[in-house]
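Under the heading compositional bias 'Polar residues', TrEMBL lists B:1-12. The region 'Disordered' annotation in TrEMBL covers B:1-50. Residues or ranges marked as transmembrane segment by TrEMBL: B:77-104, B:139-158, B:170-190, B:196-217, B:238-255, B:296-315. Annotated domain 'ABC transmembrane type-1' per TrEMBL: B:132-315, in sequence order.
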Amino acid sequence: MTTPLTTTQAGPVSGPEREHGPAVRLEGVSKVYGQGRDGLLALDEVSLTVAPGEFVCLLGASGCGKSTLLSLVAGLDAPTAGRIEVETGRVAMMFQEPALFPWLTVSANVEMALRVKRGGDVKGGEGAGPRSRAERRALAGEFLDIVHLGGFGGKRPHELSGGMRQRVALARALAQDADVLLMDEPFGALDAMTRDLLHDELERIWRERNLSVLFVTHNVREAVRLGDRVVLLSSRPGRVVESFPVELERPRRTDSAEVARQAAEITDRLREEVLRHGR
Amino acid sequence: MAVDASTQQSGAEPSGVGDPRSDTDTRPSGGSGPRSGADTRRSGVAVESSDVHARQIAGLDALELADRRKSGLASRIWSGLWPVVSALVLVLLIWQGVVLAGWWPEYVFAGPVTTLTELADRLGEAEFYQAVAVTMRRALVGFALAIAVGLVVGALVSRIRPLRRAVGSLITGLQTMPSIAWFPLAILLFGLTESAITFVVILGAAPSIANGLIAGVDYTPPILLRAGHMLGLRRLSLYRHVILPASLPSFLAGLKQGWAFAWRSLMAGELLVIIANQPSLGEQLHFARELADSPGLLATMIVILVIGIGVDLLFGAADNALRRRWGLHQVTN
């Protein structure tokens, strides 16, 4: 699916016998923008794994190359050095903006993900080949139901609120039938109330569909609220500083004391990183 | 750090669910559709929680979508109409004023009453409709060919980089060339025929149409390209499903401008290239001047103006419909 990636196809495995290697593995990944002495080192030897079904939050101040990292995993850009492996090769991505096509209805936006020829027959032959229009429409409806937008398929994206659009984007990403969901500050532009509800939504969907998530944010509480693990990146160049496991019971609340405590701990570490640049 | 005020989930948090993922790591095999459903309704608590959650979301959605009203049809028509009517009345008054001032004798510069009477008379004659039909046929044929040429040139130039460097600025240059300057060449090439007129109409309109398409392709939002890429769209499919639709508003603007150029070129052409037994609006203009028929001349000018405005309004309506569909502007009523 994402051509520049080295993908190790796990073969047609199903259910419990699933391969237990990491869903995403980055080994010594570096990215340089520009060339020669003017080149900007955005990422420096980043190594990182995401286990199947794991929710990993990437956290860092600005300039830490969080978004660059996601683009590399998504195959939108190629690393200068290092290896990136996505076990199944099925990656979907959500951006800070919903990035919906304004000329299509909500349903047609989701159908677009179903229209594209599926990534081969990794998941059993049944249903391979192009789907009919009616099939796509019905499937899109089901995906919209998952994000509680079942009745909005006929609307245009601009008729929805920001949070609803972001949910359509989520439905579209889910429709790609990916195992790995990359999210680049997807809730950054939303108000706190909507964001909290979407955190619950995302958590539910992640659990139900056993997704592996790589979630970029600069909001420490959001990272602790959502992640199984919070990976802290340094800035200029981006390096992995530390990885914090979050072992709080789910579902969590952004405003709970436990989340606040762990967020404070990570924030302190983040400030140390930022201080290094102050001199 | 942002302070997240959270007011949801009051009292509905499921307790004692344990590691929530321990029992969801099996993925139904084969199916590629939505996989939600069955395993969520495990306990009453979970059902209640997800239900409350769904209702909270629905509530927030309803709040955010509220207050989208439309005013009535009559008031919308009136609000669009009254400025036009007022402007028309003003123009007629000024026109009558100039005539009354007596700078020109009435047979050189006819007043609105004489002219409009003449126009009304013509509206009852078959010859008038013949002339309009000939002119409109030429306009439509020329414009259609210009669209075809503009599309092909625009598509090629926007896709092929060296071609862009070679002819990109030439297209813009052609746009600034007054169409009447093409006629001597056109008449040399095609003689006093309709082909000469069509040739110049195409040259007048095609650059605008091509430029509209090129600009639309250039200004396709990069985020949509990335989204399309993530959906697995490449090259031609990316062009078809993302770039072309995204460039539609700009293309439409190009069409509108192209029409204006086509109409002007056509009128210039009809004044210069007069073909026997082919009555046209331009020809009527020409003979009205020769015969010093001031009311006839002004009446023909009004017809030309009205047709031009009418087609322009059509493009405006199409553009408006497109913008409304895309949510590019808020309709203010």
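Keep in mind that glycine also has a Cβ here, set from the backbone N, Cα and C atoms.
TrEMBL labels come from automatic prediction, so no person has curated them.
Remember, predicted model here, so these are calculated numbers, not experimental data.
Residues of the same chain lying 6 or more positions beyond the ends of the transmembrane segment (B:170-190) and with a Cβ under 8 Å from any Cβ of it are 153, 157, 196-197, 199-201, 203-204, 207-208, 210-211, 214, 261, 264-265, 268-269, 272-273. Here the transmembrane segment (B:238-255) has long-range neighbours at 147, 150, 154, 159, 208-213, 215-217, 219-221, 224-225, 227-229, 315, 318-319, 322-323, 326, 328, meaning same-chain residues at least 6 beyond its ends whose C-beta is under 8 angstroms from one of its own.
Residues of the same chain lying 6 or more positions beyond the ends of the transmembrane segment (B:139-158) and with a Cβ under 8 Å from any Cβ of it are 164, 167-168, 171, 197-198, 201-202, 204-214, 217-218, 254-255, 258-259, 262-263, 265-266.
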